[in-house]
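These notes concern the structure reproduced below.
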């Protein structure tokens, strides 16, 4: 279905306070744990890149249903489900059966970025929730931290994004943490990494063991949504292989340079790319459903 059916005022009469309910809950969750902002932003991304923004990522596995939570990019790292549950419960008590889990994810992602100092944007609404999920698509379509630049460009191009939008969306890594298992190989085997940076991160990521030890993707300001991520890439302080690929003598170096010196340009491009991502293949009209519980179909 076309994204034109999403509108900013979708709930203006059916659930007029929904945006304030979500914002209050997101602000509270981030005040409790600042890392949660990145976790909620990532949930929306991992939802949208797998058959569109349909809340498929939230469905739990059951004896008769296989969801996406055990996919490689999600297992042991995707988090924030409990925050989404809390928001859903609060929204249901205001307007039962009206607001989709997919829309809650989209709004929570925006509110998280704003809470941590980033740009705002108007979230278009009216997505509905899937009754299906795809483990295989989650494994194939969510870009891995091991990808080279050409594969990153392809992965995003497959979803309709150009290189500049890919670099802008990668700026999400100005917040959040990654597990040792996702960057160990870069730390110990890659040459395009700042030596002192590598040494400091190695202390929390040994060559064997400590797979789930976490380090900030942006070591400068890990809980502030800013341009430090890009500044770090320019001095070979990207944590993930995929991060440093954006500034490694290739076609995206100039975009990284632009963002590293112009916060306003980055914020504008990021906000626009997030709106575009939120428009990926939504279920609308009578397609899908409005889940009562985000973890299971009705």
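Cβ atoms are placed via backbone N, Cα and C, with glycine included.
Positions annotated as active site, proton acceptor by TrEMBL: 46. Residues or ranges marked as substrate binding site in TrEMBL: 143. What TrEMBL lists as heme b binding site is 173. TrEMBL lists 174, 218, 226 with the feature Ca(2+) 2 binding site. Annotation comment: TrEMBL describes 5-298 as domain 'Plant heme peroxidase family profile'. Annotation source TrEMBL lists site 'Transition state stabilizer' at 42.
Where TrEMBL records a feature, it is marked here on the structure.
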residue: 42; record: site 'Transition state stabilizer'; Cβ within 10 Å: 24
residue: 46; record: active site, proton acceptor; Cβ within 10 Å: 22
residue: 143; record: substrate binding site; Cβ within 10 Å: 21
residue: 173; record: heme b binding site; Cβ within 10 Å: 26
residue: 174; record: Ca(2+) 2 binding site; Cβ within 10 Å: 30
residue: 218; record: Ca(2+) 2 binding site; Cβ within 10 Å: 29
residue: 226; record: Ca(2+) 2 binding site; Cβ within 10 Å: 19
*To the nearest whole angstrom, state the Cα distance for the pair residue 174 (Ca(2+) 2 binding site) and residue 42 (site 'Transition state stabilizer').*
12
*Expressed to the nearest Å, what is the distance separating residue 226 (Ca(2+) 2 binding site) and the residue listed as 'substrate binding site' at their Cα atoms?*
22
*To test your reading of the Ca(2+) 2 site: which residues beyond 174, 218, 226, same chain only, put their Cβ within 8 Å of the Cβ centroid of those residues?*
171, 173, 175, 220, 221, 222, 224, 225, 227, 228, 229
